[in-house]
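Remarks on the structure that follows.
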């Protein structure tokens, strides 16, 4: 099959321009409503559970899931499915452990929860470090991925693509704050769910709407092994460690956690997770069908010929089944996906800098509304410029390890301190500080010493740390240090304030 | 009778609410772990279970989708419980509290 991938294609550019114009229109509308800090960080707490559920799924279903998992299933078969499953299972955990307490305790960032009864300054500084490390590594991964993607799809130069993504996202966040970012996520989630559903229906039509026929075609073409687990199963500890990072990483991702402050109360927060789990679960159940159909209808060699990682499988399939217009649509959806995720990350980073560092640490809560919003906007610009520059710098790096790093730091640095501050009466400030520091630093070091970086990137023969993902070790270290330092350096104020925290966590009294 | 926040936390009803809340959470979390890590471990250690044929596919293909469906089901169990039981209890306790806590 001849593909028009990689040529500037009129229809895909048109779809993309429509998306950008539409969302910038929303940003213009949102800009008029965004004056206070609550509107800038939390959309004035006016988002409904259903809307927030869609926005959460928009924040979470990145291009890595959409293009990456379909490509992985296309090239490697069953192992891609195992990966897809891992991306969903954090959501129920988020519901059981954090959704309601987060909404009831916090104002704008997850550090609010930690700082509720611990000492403001040290805990906010350390929590900001953890939060910014996660957002920056995750956004570099997204930006580098987007640059390559645009390059492959439209034939635009890498640097230009990165600057376009960075520039448009900056406008959403800068002018529209959380209101605009939320609506960008909602529109993107709808487009993505619609696009993938259409792709699945058109694919299944080729097999008489029968999964059985699809499976038997896969078997005849690639043999039985395509439908069976392969290399993924080789090391159980590695798989469990990856699973822990995927599951609990979600519970420490700042841009996901801050979405809980956009809804009015704990009940809506709960609804948000229920809707998000539904949309995301549906997405991960059907995405393997796209991968298998692409493998059969296009062929593994051709998919790998265009991109070694298989990232173009969904795009090629769209072109085959729906011609250039459908390819254009899917390309625009992929672009929109990256844009939306990066916008969410930027807003999370800007909130941390302005709310946690500037407002609560630097001015000790004395800054006016106007100053806060102005600092948040400056932080947005700085964070965007830094991530665009790093995106260009990391051009030829493998981004998979950065996504792994972001999840490992989130799971080991942010999650243990967050859950202990809600559950454990004797949790102390120093316990929190060391848990975050030891968790994030050990996760980062272990990733550098792991086979993914030490062998694949630095080309050493043997990795110093044997596991590909360190979560199982670094999370344990974080919990252990929280325990030891809380016992060694107890914090009477924190223990005393546990009572008022409880009234708020369980009854929601006093939550803004 | 209206009571203060401190008394409320010491009350049997409140302690019961907190205990039930985390019992429900951790029981559901346990099933989630069993579901997901069970799936991973079966693939790693008992691979022949998932490679058995089921139609033209195999058990593993449907197991992947079932793990997602079961996780989804667990979140709905939680929502159902929270709407039916937890919210009601919270309202009862809140009404007992003196307004100064606000």
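A Cβ is built for glycine as well, from the same backbone N, Cα and C atoms used for every other residue.
Since the structure is predicted, the reported quantities are computational estimates derived from the model, not experimental observations.
Note on TrEMBL: of A:104-122, A:123-141, the range annotated with the feature transmembrane segment is A:123-141. According to TrEMBL, the feature transmembrane segment maps to residues A:273-298, out of the candidate ranges A:273-298, A:299-324.
Between the transmembrane segment (A:240-261) and the stretches A:52-75, A:81-102, A:273-298, Cβ pairs under 8 Å are most numerous for A:81-102. Between the transmembrane segment (A:123-141) and the transmembrane segment (A:326-354) there are at least 3 Cβ pairs closer than 8 Å, counting only pairs 6 or more residues apart in sequence, which means the two stretches are in contact. Ranked by number of Cβ pairs under 8 Å to the transmembrane segment (A:161-184), the listed stretches A:12-31, A:52-75, A:400-423, A:430-451 are led by A:12-31. By the count of Cβ pairs under 8 Å, the stretch nearest in packing to the transmembrane segment (A:273-298) among A:52-75, A:375-394, A:400-423 is A:52-75.
The transmembrane segment (A:81-102) makes contact with the transmembrane segment (A:400-423), as judged by at least three Cβ pairs under 8 Å among residues 6 or more apart in sequence. Note: the stretches the transmembrane segment (A:52-75) and the transmembrane segment (A:12-31) are not in contact (fewer than 3 CB pairs below 8 A, sequence gap of 6 or more).
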